[in-house]
Amino acid sequence: MSLISQNVAVISSIEKGTEENTLGPSSPLRNTDASEVDKSGLDTSRAKKRKKEHRKEDEQLVQEQQKEMMKLENFLFGSLYSPIEFGKDEEQNGFNSEEKIPALYIMDRSADNSLSAYEDDYRVLDESTNKEEHQQRKPVWVDEEEEKATVNITNVSRLRKLRKEEDENSISGSEYVSRLRAQHAKLNPGTEWAQLDAQSRGDSDDDDLSSDDENAVALAGGYDNVDSIDDILRTSENLVVKSGGKLMPGLLGYSRLVDANVEEPSNGPINSVQFHRNSQLLLATGLDRKLRFFQIDGKRNTKIQSIFLEDCPIRKASFLPDGSQVIIAGRRKFFYSLDLVKAKVDKIGPLVGREEKSLEAFEVSPDSSTIAFIGNEGYILLVSIKTKELIGTLKMNGSVRSLAFADDGRQLLSSGGDGQIYHWDLRTRTCIHKAVDEGCINGTALCTSPNGALFAAGSDSGIVNIYNRQEFLGGKKKPLKAIENLTTKVDFLKFNHDAQILAICSRMKKSSLKLIHIPSFTIFSNWPPPKKNLQYPSCLDFSPEGGYMAVGNAAGKVLLYKLHHYHHA
């Protein structure tokens with residue numbers, strides 16, 4: 001009995017004693033007030049009942065608060081009191097059976113299993129109490145209406161196969177989803193490699209599957225490389241890339257892109273364009289004395305930097321093959337070296353012991369060790385890249401017009417006013433072979449293929465001869481092919497990276513730029529573009545992987561093209 005009910009009883013007894021003392025046992029008023037006393041006692045019993053009800057409500061409220069606290073603790077810190085069991089009576093976990101605790105996440109392991117999803121989950125959770133728990137992938141979104149919804153699987157004939165008992169009519173939404181997943185897995189057993197919960201597999205699958213314990217990934221036999229599968233799923237590129245092997249003759253697949261120097265065109269003719277070895281950086285120089293660098297993406301071609309050389313109109317600029325420096329030269333006694341790492345420009349020259357007034361024509365060796373300058377009176381000047389000093393000279397019978405390195409920088413080819421092609425051994429600095437270029441009076445251009453097997457020689461008559469270098473050194477003077485598509489002096493020759501395309505160029509005529517298919521020694525008939533004027537082309541370069549082709553012209557523009565046969569820049 002509570003304190004309130006005790007006080008009520010004491011007060012009522014005191015009132016009774018007072019009434020007896022006042023009225024006496026034989027008073028007539030005592031009989032008249034008996035009914036009122038009975039009513040007051042009835043009210044007291046009702047108050048007691050109400051207080052008991054309030055007490056029960058308070059106890060229920062405390063229990064609900066405790067349950068709510070336990071729910072929050074389970075939500076924040078995991079199942080502290082008991083693991084969550086799906087489809088079982090919640091009284092086993094210490095909760096009221098009328099209270100349904102929503103699952104924090106759903107684990108669907110119904111594939112390849114004859115048990116229901118709920119029984120399977122209970123089995124896995126029971127095993128997890130004895131084993132170390134592994135990280136499960138939680139669903140991004142869970143439909144809360146599935147638990148409330150009911151589906152009648154007897155009304156539709158194609159759903160009757162989902163029944164587990166003959167008299168089963170309606171099932172819950174979550175059970176319906178689980179059975180559909182199990183049915184799909186039975187009909188499509190080939191999707192097992194995509195299952196990510198390795199430890200949810202049965203023992204029957206252990207012989208056919210290999211698991212990655214660290215990432216909890218289950219893979220079918222032959223899919224042991226998890227990283228490669230992740231790489232496939234992380235990219236939107238084609239799974240099968242066409243081989244960039246054999247280029248077909250006839251028509252060249254290409255498309256015009258935004259000009260490479262669209263953000264800052266040159267104020268004078270472009271004399272030199274070259275791609276860096278990383279395929280994204282393009283160098284463009286001209287007579288406006290500016291050295292410009294562009295980041296090539298085919299869409300914006302952002303300008304990175306420009307350098308102004310006050311006393312040197314640039315005739316040629318070239319990256320070193322290792323990409324660390326840029327050699328810049330003009331009609332001056334000196335030349336410049338730009339260190340790309342330190343962003344420092346050094347002025348070098350005049351060369352000791354030489355009186356050349358121009359060092360505008362040069363070539364850099366593939367091993368980034370030597371620069372060969374064209375000197376006066378048939379001299380070739382060899383300069384060390386490391387020390388920037390003259391280390392030797394070579395002497396031709398006639399004037400020198402063009403140079404080209406071969407054999408990874410160990411040999412040098414030269415041609416000039418006597419119409420002959422010289423082969424030099426740079427280790428001994430001697431001429432190892434000399435022969436006449438067929439039909440040539442004055443040689444104007446030379447170029448070797450990247451593998452050194454072929455070389456092309458151009459003359460002032462517009463004829464380009466293509467030779468096999470080993471056969472030429474062996475005494476065969478007949479070229480593999482003589483290209484006669486140019487009618488003016490050949491100024492520039494360039495092979496692409498796999499020697500399937502040779503570009504030949506003359507600066508003396510508009511659109512005088514041809515592309516030759518080397519395997520067949522034929523001209524691509526759709527180049528130059530029939531309705532596009534290239535102006536006076538002056539230089540050209542292919543990107544390291546052949547995907548881009550940049551053409552500089554006398555109008556100060558660098559035209560950029562995408563060659564479709566090559567998938568990488």
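Even glycines carry a Cβ here, placed using N, Cα and C.
All TrEMBL annotations are machine predictions without curation.
What TrEMBL says about this protein:
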- 14-64: region 'Disordered' (REGION)
- 20-34: compositional bias 'Polar residues' (COMPBIAS)
- 55-64: compositional bias 'Basic and acidic residues' (COMPBIAS)
- 188-213: region 'Disordered' (REGION)
- 393-434: repeat 'WD' (REPEAT)
Requested in this report: Restricting attention to the repeat 'WD' (393-434), give the mean pLDDT.
Outcome: 94
Requested in this report: Pull the DSSP breakdown for the repeat 'WD' (393-434) and write it out as helix, strand, coil residue counts.
Outcome: 3 helix, 27 strand, 12 coil
Report task. Tally the residues of the compositional bias 'Basic and acidic residues' (55-64) by DSSP class, grouping H, G and I as helix, E and B as strand, and everything else as coil. Result -> 10 helix, 0 strand, 0 coil
